[in-house]
Structure formats: C-alpha cells, structure tokens
Amino acid sequence: MQELIACVDHLRFDLELAVEQQLGAQPLPFPGMDKSGAAVCEFFLKSACGKGGMCPFRHISGEKTVVCKHWLRGLCKKGDQCEFLHEYDMTKMPECYFYSKFGECSNKECPFLHIDPESKIKDCPWYDRGFCKHGPLCRHRHTRRVICVNYLVGFCIEGPNCKFMHPRFELPMGTAEQPPLPQQTQNQQKQNNNQVLQRSSSLIQLTSQNSPVSQQRSPQTIGVMQLQSGTQGNRGPRPLDQVTCYKCGEKGHYANRCTKGHLAFLSGQ
C-alpha cells in the first residue's frame, strides 16, 4: 500500500551515489594489507579500478567456492590474488581429511566439512540407459527407477518435471572407464603368464641348438661339474681346527663360545 501511495523508488540520495562511486575512499598506505573486513570493489568487477594494490576494497576475481586454509591461520600472503575465499563461511570450508579418509573425525568442533561418502558417488550412465555390464561391482550408483510409459510411447507432457524415469538412448560419452572385473583380470594374468613361459622355453631351445660350447662338452667335464655342484650343495660346517676366534686369536672355537673377554686379543700382543 505504501508503494502505491508514496513510492520513493525513483529518488536517489547523495549518500547512495557516494557509496556506489566510492567517493572519499582513501588509498592504502602500502600494498598487501589485510582487507578481509572490507567491501568488494565495484569498479574491479567492471575492470575499471585504477588504484590497483592500493585500493582499500577487496578485488575478487571469479567465484571462489573454497575458504583459504592459510587465511584461517592468518598465514596467507597472496591477499586479493589468492584463488581461495578469504571469508569465514561454513558452507564453503574445505573437506575434512580425516572424515574423508577414515570415515570419522574425533574433533567435536571440527571447522571443516564432513561430507557423506555416498553423496560423492555418481549415478551410472550405463545403468540409467538400461544395462551395466559391471553389475553390483560397478563403482557408480545403480538406482532403480520406474520408466515413464508416456515417454516410451513418444511424448510426456510433464517433461523434466516428470516423477518417472526418462531413459536416454544415446551412448554415454566422456565417462571414466570402469575397473575390470576380477575374472577378467585373472584371465588376463593367466594369458600373460602363458606367453612368458612360451617365450622363455623357445629361447632356451634356441640357445641349446645354437651354442657350440654345449655340443663340444665331453661327458667327463659334465660329470666333474655335477660333482662340484654336489659337493658345494652338501658342504657342512668347517672343523674346529680351522676356526680362528677373532676375540682372542686362538683356534679351536668360535667367537660366540669364547670364554675370554672382548679385550683378550691385547694380551696376546
């Protein structure tokens, strides 16, 4: 009723013009000062601010959706050039690392966001289309919906506001590849192992056929090599007569069985 009787929308006060044009705003004494409590510069949003770093108002470029964690501690040195938000807003705080990593946070007054992991899962575009080959092993969400009968016939008057599902018939493009199924990975590993074994066996056959040294070896040399390998494999501990204790310098016992002290070698000198 007041707007009909005495409308003042067409009136402009001098104070409003002064605030919009930033009249009387003095430049900063030196650049880089903290301007977290100042208003946003209207001329900078229009790319018409000529004060630069000496402007007493904040220069915000673009939409900053996350609060600067260094600014919360008073350690951010970028000022207006920081790509994060210099404003304490609970809805734009960074995500809590402990809650996202372990599913719980012991800090009752944690200032960071606790986001439910299930809310991060995206809907599977293949399942929404009709079929997903990964089934329950798919990393995306499979949500059961009722298909709109009118949309299947050809037209639905509700459009995007319809409570039923309007399936998409085009192939989803640009989606991340799904991890392979466990059976597929096992089959691939078996195939790779078989290929490696075949290659190694073929190489052994080629070397045995082409090496002249193996053909020139006599059975006597082969027998000597077998005896040497057998003696090395069955080699037992040395006799005590050949053992020298490094503590006392005497023969006949090991150092761990020596009854003398660790300075016994000095008495021998």
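Cβ coordinates are placed from backbone N, Cα and C, and glycine is handled just like the others.
Given the structure is predicted, the values throughout are model-derived calculations rather than measurements.
The zinc finger feature in Swiss-Prot is assigned to 35-61, 62-89, 90-117, 118-145, 146-169, 243-260; the stated evidence is sequence analysis. Taken from Swiss-Prot, the feature region 'Disordered' covers 173-197. As annotated by Swiss-Prot, compositional bias 'Low complexity' applies to 183-197.
Under 8 Å from some Cβ of the zinc finger (35-61) lie the Cβ atoms of residues 20, 22, 25-28, 71, 79-80, 86-87, all in the same chain and six or more residues away from its ends. Looking only at the zinc finger (62-89), the predicted model's pLDDT averages out at 76.
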